[in-house]
Amino acid sequence: MPRPRPRALRGSSPGWALVAAVAVGAALLMATLAVAAPPGPRGPAARSPGLEDASVEPVEDGDYDEYDDEGHTPTDVPGSGPESPGPDRPPRGPGGGSGRRRGSPGNGTRSAARRQLRESLRRIQAEYAASAFYVCPPPTGATVVQFEEPRPCPDVAAGKNFTEGIAVVFKENIAPYKFTATKYYKEITVSQTWQGSRYLQLTGLYNDRAPVPFSEITDLINGKGRCRSDVTYTRSQRRVTAYDGDEWGREVALVPAKTSTPNSRGWYTTDRVYAPNAHAGFYKTGTTVNCIVEEMEARSAFPYDSFVLATGEFVYASPFSGFSEDARRERNRYAPDRFRQVDGFYPRDLDSGQRAATPVVRNLLTTPTFTVGWDWKPKRPNVCSVTKWQVVEEMVRAEYGSAFRFTSAALSATFTSNLTQYPPELIEHSDCVAREAAESIEAIYARRYNASHVRVGGVQYYLAAGGFLLAFQPLLSNSLAEMYRREALLGRSGDLAAALAPPPVAAPASGAGPRGTISTTQTVEFARLQFTYDHIQKHVNEMLGRIAAAWCQLQNQELVLWNEARKLNPGAIASATVGTRVGARMLGDVMAVSTCIPVSPDNVIMQNSMRIPGDPKTCYARPLVSFRYTDEGELVEGQLGEDNEIRLEQNNVEPCTVGHKRYFVFGGGYVYFEEYAYSHQVSRADVPVVSTFVDLNLTMLEDHEFLPLEVYTRREIKDSGLLDYAEVQRRNQLHALRFSDIDRIMNDSANAALMAGLARFFDGMGDAGKAIGRAVLGVTEGLISVVSGVSSFLSNPFGALAVGLLVLAGLVAAFFAMRYIMRLRANPMRALYPLTTSGIKAEARAALGSGGDKGGAGDGAAGVEDFDEAKLEAARDMIRYMTLVSAMERTAHKAKKRGTSARISAHLTDMVLAAQGAEYQPLSKDDEDGADP
């Protein structure tokens with residue numbers, strides 16, 4: 001240990017300037033005194049042999065008015081204490097005289113100068129001297145000490161339980177599940193045109209979409225590569241049928257679309273809109289039905305309860321829904337009759353017309369505007385909530401306190417986790433982790449480590465900070481494994497088992513909820529910072545560790561020097577080692593020590609000469625001092641030792657030499673002796689310092705772990721935009737589903753329920769029942785169609801008006817028919833022959849008019865022709881004959897339509913008429929002879 005420095009003089013550094021000024025003034029004064037002094041012997045050579053004591057005695061002012069016998073002037077030097085009368089002072093000179101002469105006035109001047117110098121030195125010593133002196137009594141052996149043996153130099157612990165291995169780093173899978181979906185729909189376009197005299201104007205255009213029925217998809221589109229040109233769908237709670245080109249439905253071939261993308265294809269039936277020409281000045285409406293099939297990419301994100309097509313339509317059903325035990329638990333928000341799963345479905349390539357050789361399970365789901373189909377796959381092996389991020393061939397795992405650190409130089413990253421394993425079973429949809437980790441680790445081990453390392457246990461899983469899942473396979477080199485094997489054979493396998501034992505595995509708490517998913521940060525900069533810090537920490541700590549080890553080795557080597565130095569100066573070595581001032585001496589291989597007593601600097605007086613009275617060839621090696629333990633104690637003689645130590649013996653002597661110069665530590669500075677006589681005091685600041693200390697202040701870097709810190713979360717980034725496309729599309733498409741009952745609209749026909757019930761009834765009767773059922777259902781559907789048509793016609797306001805007009809017209813016709821029948825009954829001839837009857841009446845009126853003129857008015861009654869009964873009877877026979885002829889003609893006409901029996905009946909009627917007599921003959925215009933006038 002370093003030697004303790006003596007205490008500095010009291011006061012600040014400006015005091016040393018004052019000391020220097022006083023010293024300069026004293027030097028000038030002494031030079032003046034030297035010039036004025038009488039010549040005489042000076043220095044040690046002129047020392048009087050009669051001087052018995054060379055110590056500085058305290059004198060009163062005015063005592064030094066002359067020189068002593070040797071030319072020396074006793075002087076109090078810095079560090080001297082209060083003066084005492086000195087009753088034990090031996091007499092100077094023979095006869096016990098004082099040996100002093102009374103001087104002249106010049107001597108008085110010199111005495112005054114000396115007194116002034118003494119006062120200045122005392123004032124400086126009282127103000128600035130602060131270093132204590134110590135008196136170390138000789139050790140008696142009651143207390144002995146020994147030096148410590150060399151210490152073992154420990155290494156700096158940079159970590160423990162380092163393990164190398166292979167690692168696979170997994171991250172959160174934010175990519176959606178992607179699959180191929182086929183969209184089936186028919187696009188209806190209704191156009192209205194107005195034909196002018198020379199131009200055609202489009203006055204209206206209506207577009208709509210309708211889903212393709214399941215049967216048409218399976219039988220026509222996938223079966224034949226064709227599609228029907230008509231479609232029946234529901235709009236405004238009514239069943240609507242649209243025909244392409246306003247013609248009856250037919251099967252049309254699907255042709256590839258003109259353009260396609262790498263992830264989508266399309267087929268259609270027509271690319272023209274039907275807009276018929278109308279007559280000039282009239283409107284005409286035309287309908288176009290285009291059957292479209294689109295194959296595109298669909299995506300579904302966790303928790304996979306819906307998916308979205310590439311066109312932006314949302315389908316609110318899980319892509320993994322189906323009829324199996326696990327698939328039934330998947331979410332499907334549509335009615336059961338709108339979903340169908342087809343087993344043994346052979347997809348057809350509509351471009352080449354080839355069918356797939358392997359069947360698949362096909363899901364079909366109809367929505368209000370389209371039908372979507374996709375290949376069903378089980379959920380468990382096809383989706384994974386985590387995905388492989390990095391495969392690290394060299395990963396080092398180190399244990400730091402309560403954490404593991406996985407460091408990869410290839411990635412320049414360090415991942416931190418706790419000491420407990422995190423099995424992937426705690427993560428939902430994580431079946432891919434074990435499979436992919438095993439495949440990657442097996443490939444790396446077979447390619448790189450198969451000949452040099454062995455595996456230690458199985459794959460271990462840890463959840464690192466930042467949401468990274470690490471699959472770690474510990475490895476052990478073959479040489480180290482062989483050493484462990486030998487240790488095991490020697491029965492020292494306890495530490496080996498503890499070192500190779502895998503960490504504990506975390507288990508879910510009892511009654512824990514469903515499994516969750518990990519959330520991985522968007523950046524890995526924190527892991528890179530951790531790697532950088534660990535790299536710097538390792539480098540710095542290794543460097544400081546080497547320095548500390550070298551320092552320890554240096555201390556052990558210096559211990560040998562200490563052991564040798566204690567034999568030369570045991571007191572100094574013991575004081576430097578113990579850290580306090582002690583006295584010491586060697587007792588064999590140990591040191592006996594004694595405690596040093598501190599002495600105030602004010603109680604120490606130094607003598608100005610180092611010569612031994614009576615022996616001119618021998619001098620003291622160190623100055624002599626007088627001291628008191630207390631301020632009022634007796635004066636004790638001693639010798640100044642090293643570093644302000646006062647020795648009670650005065651036996652440190654040496655042969656006197658010429659040109660003697662020495663500096664001795666006295667108080668807070670140095671005293672300078674030249675030719676074994678005091679010269680002056682030197683400040684410590686005036687002596688350049690050569691330091692032997694080597695400062696070593698080492699501070700190890702503390703362990704620090706960087707944690708991920710997100711400035712903006714995913715939700716904040718998502719909400720930073722003005723529009724959320726997914727939310728806008730979702731709201732727009734939910735509008736129709738939210739305010740309309742689509743399912744009830746599609747199933748509101750009571751006739752359809754009746755027909756479905758009849759069909760199920762006849763299906764249960766076997767093949768014959770099915771045949772009868774088809775006939776009955778056909779007739780029933782016809783009747784229902786007629787009744788539905790009549791009811792629909794009557795429910796139409798224009799239809800009701802037309803029916804009313806027809807009824808009114810029927811009533812008017814019945815009225816006129818009834819009137820005609822009444823007239824026929826009253827006057828058949830007039831009813832049957834109105835023109836003939838009118839002519840006969842006109843002739844009768846003319847005959848009556850001419851007869852009256854000839855015969856006079858009185859002969860008017862006689863002029864009327866008498867009615868002939870025979871003619872009347874003949875007229876009646878004529879009417880009856882005409883009736884029979886009319887009946888015969890009707891019978892013959894009906895016989896031609898009805899068949900043989902009717903013809904026989906007509907023939908019999910002819911026979912009856914022929915048997916009745918003569919045929920009809922018209923009446924002669926003249927009267928027969930013999931008739932009455």
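Using the three backbone atoms N, Cα and C, a Cβ is placed for every residue, glycine included.
The motif 'Internalization motif' annotation in Swiss-Prot falls on one of the ranges 176-179, 620-623, 920-923, namely 920-923.
Swiss-Prot records a disulfide bond between Cys384 and Cys432, which is the match among Cys291, Cys432. Region 'Involved in fusion and/or binding to host membrane' is the annotation Swiss-Prot gives to one range among 4-10, 116-122, 193-199, 865-871, and that range is 193-199.
Looking at 460-501, 670-711, 754-795, the range tied to region 'Hydrophobic membrane proximal region' in Swiss-Prot is 754-795.
The recorded disulfide partner of Cys596, taken from Swiss-Prot and restricted to Cys136, Cys153, is Cys136. Matching 526-579, 742-795 against Swiss-Prot, the residues noted as region 'Hydrophobic membrane proximal region' span 742-795.
Of the listed cysteines Cys153, Cys227, Swiss-Prot assigns the disulfide bond with Cys291 to Cys227. Note on proximity: of the disulfide-bonded residues Cys136, Cys432, Cys619, the one nearest Cys153 (disulfide bond) is Cys136, by Cα distance. In the three-state DSSP scheme, Cys432 (disulfide bond) is classed as helix.
One residue stands out among the glycosylation sites Asn161, Asn418, Asn450, Asn697 for having the most other Cβ atoms within 10 Å of its Cβ: Asn418. Distance noted between the C-alpha atoms of Cys384 (disulfide bond) and Asn697 (N-linked glycosylation site) is 54 Å.
When the Cα atoms are compared, Cys552 (disulfide bond) and Cys619 (disulfide bond) turn out to be 45 Å apart. Spacing of Cys136 (disulfide bond) relative to Cys656 (disulfide bond) is 27 Å (Cα to Cα, whole number). Look at the disulfide-bonded residues Cys384, Cys432, Cys552, Cys596, Cys619 and count other Cβ atoms within 10 Å of each Cβ; Cys552 has the fewest. Across the fold, the C-alpha of Asn450 (N-linked glycosylation site) and the C-alpha of Cys596 (disulfide bond) stand 73 Å from each other. In terms of C-alpha distance, the listed disulfide-bonded residues Cys596, Cys619, Cys656 place Cys596 closest to Asn697 (N-linked glycosylation site). Rounded to the nearest whole angstrom, the C-alpha distance between Asn161 (N-linked glycosylation site) and Asn418 (N-linked glycosylation site) is 14. Considering only the disulfide-bonded residues Cys227, Cys291, Cys596, Asn418 (N-linked glycosylation site) has Cys596 as its nearest partner by CA-CA distance.
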